[in-house]
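Colleague: Residues or ranges marked as compositional bias 'Basic and acidic residues' by TrEMBL: 18-27. Under the heading compositional bias 'Polar residues', TrEMBL lists 28-37. Sequence annotations record features per position, and here TrEMBL assigns domain 'Kazal-like' to 497-542. Among the features that TrEMBL reports, region 'Disordered' is placed at 18-41. The transmembrane segment annotation in TrEMBL covers 90-111, 131-151, 158-177, 245-263, 284-308, 328-351, 391-413, 428-450, 462-482, 560-584, 596-617, 647-668.
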Amino acid sequence: LQVISDILSSRERLDLITNHEGDHDDTGSATDSSRFVTQGPDGKLYQPIPVRTVTENTEQQTEHPGDTYEYGVFGLGACKPKWSQRLANLNVFVVVYGVAGIWMITLSGFLGSQVTSIERHLGISSSKTGFILSSNEIGYLVFVILGSHLGKYTHIPVFLSVSGLVFGLATLAMALGRLETPRVWQDATDKSPSGAQSSTFDSSAKYLCDSGFSASIDTVLISTNSSTFSPNISGDLSPSRSVSWVFYLLVFCTIIGGAVKSYRIPLLTYYIESNIVNKNRSALLLGASFTAMLLGPPVSLFLGSFSSSLPVDLKETNMSKHDQRWVGAWWLGFSIIGLACIICSVPIMFFPRHMRKLKTRNLPETTQTTSLRVMLQDLPKSLGRCFRRPIYVLAVILNCIEGLAFSGSFAFYQKYMETQFNKTSQEISTVTGVITLFTIVMGTFCGGLITTKLKLGLRGCAAMTLGLATVTILLNCLYLLFGCENSDIVGMAGNRTLALDACDCSQDVFIVCGENQVNYLSPCLAGCRNATTDMIFTNCTRINNGHARPGMCDLDCPYFIPYLINFSIGYFLGTLTLIPQFLLTVRSVEQRDQSLASGTTAFCQTLIGILPSPILFGKMIDMSCSLWSPSGNCILYDRDRFRYNYYGVYLGLRFASLGVIGSLLWLTHKDARRESSKPTSKTTEE
């Protein structure tokens, strides 16, 4: 928060002149006939200062004739070749760090795309997966203020580079979860779906009719002989089984990752503002860097689609992706992200601490201790000024509510679509990756363009936010209708079959789809007596000696395409409100408090909204489970209950935010009328 406060004050510093490459700007022209670089005794490169003629623009501060500038050197240690010095400029820095930022922001989206595979591998419920997702925000909250404050006194490019390296190493460590055998395989006889033919037969034998298999108490999931069915929704079916060590590894590494990337935006902004020549270009450079980072979510989804298409052991297998034992290569994505982040972070440390710096002997004497003391003394006063403004308080409440609504729903929306429409992770990741690639970039750009062209003030931003939020919420209500019915499964709810009595079926669950498009809780209930190496069950007496395959039958549900269309429109309209809602927050306070107000809002939103949201939604999803596996993950969800729990919480929070936005519009309208009633004051919404 302190370094964000310094960003605005940095605009009041002595303005630097055109850089050593001979750039021209709008404020004057630089004459340059014999510019050259000389090396001083300290090893640094120095360059004569050109004469500069100032024309009409007086916004840029002029330099004093006696001022001497020193230029940063591109390189590290003794490795500072002359040919590389042309790389020591902000344009190259923004490009290099933008690429690294893409991979750092990719982790959260990729983790959300692998929820199903991670739950099956570790045998955990969705609430525990939600805790893994929330661990990123724990690291953010713990280290954002400390890292932002200490980072500005360091060599910022080196600090950001080391942070990227630590982030990459933590992400690589998450891939070590591959060392543990998936628990859905531990419950079966074989340890891998790609084993030899004999092991495949042994693993399928206990599900067959007349297999002679005697069920053990440890593998009992549901008694198909019972006259009633009462599913366990606690997720604690096997209290004796401990949580996997991989769970704690993922939590720890996610906390580390959230901590080291928490201060990247404040330090990036501070570095650009401190080295920019023309302050009007800082917004362009920051916008280019942030736009590059917006590519992170689509990249994470495409990477998730690739990882989900491969088996976890990367061995050739004939297992269907609809098989309840299918586990995608989730660890492979972490390896790719970690390696890419390490590779892209190394070049950042070669950039100089200062692109161009006025020598300290020509500056007025001042100490960082004094400025820090003044800053700390003003911090409580600035917070008091912010929270005495009702509009700002409501804006903070609005951001907290929407953080609570969006964070958890975004973390589990792929799992929702997989369950609701019986799709694989690969299919959902590919489709949503294409959608988010266009909607995020175009929505954010159009929102900023509309706000700029219409010159919206506080009241205009509140009206635009209210209008778009109303339309979006109404479209979101259609999600309650765009859902599929629960599939009928023979063996559920005490449905007895002739095969149950004739085949002495075990109580293990392995859902299959018969050739007659009927779902069975196990191949034995379909009367299947044989199984191929492809896990296709044959000679099924209940299917007229036909066959059955693993997984649920295809749904006769027409709502998948309407759901995607509604999802795309709602996502686009939602991103349109990002810019006006941000302006509504920062413009509600005095200009000197804007940076602190923005940082305080982000802190409150993370603590109250983003942090607990995945845990809340994960718990609601667990309450929708109808059938738990012995390993601890859910095998079968009640689609109707899932839909109403998931979107019930989401829509409830969105309607609450709609009331807050309405209150904001009323307050801004009231303030505008009060300002217009002052005869001597110029009314302005900004």
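Each position is counted from 1, following the chain as shown.
Each residue, glycine too, has its Cβ placed from N, Cα and C.
Curation does not apply to TrEMBL; its annotations are automatic.
Quick one: how deep are these features, and who are their neighbours?
Modeller: Helix, strand and coil counts from DSSP across the domain 'Kazal-like' (497-542) read 12 helix, 11 strand, 23 coil.
Beyond the transmembrane segment (90-111), the same-chain residues lying 6 or more positions past its ends with a Cβ under 8 Å from any Cβ of the stretch are 118, 132-133, 136, 157, 160, 164, 167-168, 171, 254, 257, 261, 264, 268, 271-272, 275-276, 285, 288-289, 292-293, 295-297, 299-301, 303-304, 307, 333-334, 337, 340-341, 344-345, 347-348, 351, 355.
Same-chain residues lying 6+ beyond the ends of the transmembrane segment (158-177) with a Cβ under 8 Å from its Cβ atoms: 97, 100, 103-104, 107, 121-122, 147, 151, 246, 249-250, 253-254, 256-257, 260-261, 263-264, 267-268, 330-332, 334-335, 337-342, 344-349, 353.
Counting only same-chain residues 6+ beyond the ends of the transmembrane segment (245-263), those with a CB under 8 A from a CB of the stretch are 3, 104-105, 107, 111, 118, 121-122, 124, 128, 131-133, 135-144, 147-148, 151, 163-164, 166-167, 170-171, 173-174, 176-177, 180.
Through the fold, the transmembrane segment (391-413) approaches residues 112, 115, 126, 130, 133, 432, 458, 581, 584-585, 588-589, 597, 600-601, 604-606, 608-610, 612-618, 621, 646, 649-650, 653-654, 656-657, 660-661, 663-664, 667-668, 671 of its own chain, all at least 6 residues removed from its boundaries and within a Cβ separation under 8 Å.
Outside the transmembrane segment (560-584), and at least 6 residues removed from its termini, the chain residues within Cβ reach (under 8 Å) are 391, 395, 398-399, 417, 420-421, 423, 431-432, 435-436, 439-440, 442-444, 446-448, 450-451, 456, 458, 460-462, 464-465, 468-469, 471-472, 475-476, 478-479, 482, 598, 664.
Note on the transmembrane segment (596-617): residues 1, 4-5, 126-127, 129-131, 133-134, 137-138, 140-141, 144-145, 266, 379, 382-383, 386, 392, 395-396, 399-409, 411-412, 582, 585-586, 588-589, 646, 649 of its chain, located 6 or more positions outside it, place their CB under 8 angstroms from a CB of the stretch.
Sequence-remote contacts of a segment are chain residues at least 6 beyond its ends whose Cβ falls under 8 Å from one of its Cβ atoms, and for the transmembrane segment (647-668) they are 390-391, 394-395, 397-398, 401-402, 404-405, 408-409, 458-459, 462-463, 465-466, 469-470, 472-473, 476-477, 479-480, 584, 616-617, 620, 685.
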Colleague: Please report, as numbers and ranges, the same-chain residues at least 6 past the borders of the transmembrane segment (328-351) whose CB is under 8 Å from any CB of it.
Modeller: 72, 74-76, 84, 87-88, 92-93, 96-97, 99-100, 103-104, 106-107, 110, 114, 116-118, 121, 157-158, 160-165, 167-178, 303-304, 306-312, 314, 425-426
Colleague: By Cβ distance under 8 Å, which residues at least 6 away from the ends of the transmembrane segment (284-308) in the same chain are close to it?
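Modeller: Here the qualifying positions are 90-91, 94-95, 97-99, 101-110, 112-114, 117, 268-269, 272, 276, 321, 328-330, 332-333, 336-337, 414, 424-427, 429-430, 432-434, 436-437, 440-441, 444.
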Colleague: Report, as numbers and ranges, which residues of the same chain sit near the transmembrane segment (462-482): CB under 8 Å and 6 or more residues beyond its ends.
Modeller: 450-451, 456, 559, 562-563, 566, 569-570, 573-574, 576-577, 580-581, 584, 643-644, 647, 650-651, 654-655, 657-658, 661-662, 664-665, 668
Colleague: Calculate the per-residue pLDDT averaged over the domain 'Kazal-like' (497-542) and state the result as an integer.
Modeller: 80
